[in-house]
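Chemist: Dropping the structure in here first, questions after.
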């Protein structure tokens with residue numbers, strides 16, 4: 001039985017390793033070769049990476065909804081999709097680190113920091129691009145690394161089949177990602193002045209608040225209702241490492257939400273100011 005479980009985990013992980021890079025490659029090819037699009041490589045890479053992130057987000061939030069609504073007992077009830085999707089999706093975070101770097105690389109080239117006429121970068125500049133990428137996207141790279149190295153083994157091994165409800169709720173945090181991705185694409189095409197950008201920005205703000213910030217108080221409230229405790233008593237009733245883990249997961253969400261709110265304020269600039277755009281986290 002253990003061998004079957006281990007083989008299934010390896011199979012799902014392997015499928016994820018193939019699925020996300022394959023979709024990215026196919027989208028890049030299609031965006032560059034479609035007769036009505038004919039995007040340049042840097043443009044295609046950016047759009048394809050955001051589309052793949054949106055696909056993963058829809059899959060994750062759908063899986064999360066199915067799991068969380070199926071578990072009536074929030075501690076003991078199990079759903080096969082909770083562990084299965086986690087094992088399938090963890091390669092996405094590895095792939096996305098590379099995809100974000102590829103976007104950064106092409107942006108670096110477009111800005112004229114490469115060789116002559118936009119060719120390959122001068123010798124020794126590759127490490128400079130890598131350092132610039134890690135500096136700019138440090139928090140997102142750290143977030144992805146933690147998801148792979150910490151959250152994945154905890155959710156698959158440490159839980160021992162307990163708390164599928166909470167894992168399902170955490171998967172639903174991805175609801176906000178498609179709005180973040182669309183915002184990035186609209187900014188790339190300088191569509192900050194459009195109604196679509198403003199509507200998408202409002203939906204991004206609302207979904208991020210509900211699914212990534214208020215999610216954590218909701219999880220504490222749900223446990224309190226299960227245990228017969230008031231909300232404020234829950235942190236004292238659960239192990240300290242649970243509180244620490246929740247705080248570490250919440251901290252970057254609060255930072256990114258601050259960036260979104262700061263960008264949203266620009267929507268109210270007086271007429272004649274530069275076109276508004278929402279500061280956004282990466283997907």
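Just so you know, glycine gets a Cβ as well, placed from its N, Cα and C.
Unlike curated entries, TrEMBL annotations are predicted automatically.
For 42-269, the entry in TrEMBL reads domain 'TLC'. As annotated by TrEMBL, transmembrane segment applies to 6-31, 138-159, 165-187, 199-220, 240-261.
Describe each of these features in terms of where it is and what it packs against.
Modeler: Non-local neighbours of the transmembrane segment (138-159) in the same chain are 9, 82-83, 86-87, 90, 93-94, 96-97, 100, 167, 245, 248, 252, 255, 281-282; each lies 6+ residues outside the stretch with a CB under 8 Å from one of its CB atoms.
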Chemist: Do any residues of this chain, six or more beyond the ends of the transmembrane segment (199-220), have a C-beta under 8 angstroms from a C-beta of it, and if so which?
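Modeler: Result: 166, 169-170, 172-176, 179-180, 182-183, 186, 231, 234-235, 246, 249-250, 253-254, 256-257, 260-261, 263-264, 267, 278, 280.
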Chemist: Counting only residues 6 or more past its boundaries, what in the same chain has a CB within less than 8 Å of a CB in the transmembrane segment (165-187)?
Modeler: 46-47, 50-51, 53-54, 56-58, 60-61, 63-71, 73-75, 77, 79, 82, 85-86, 155, 159, 194, 196-197, 200-201, 203-204, 207-208, 210-212, 215, 218-219, 222, 277-278, 280-283
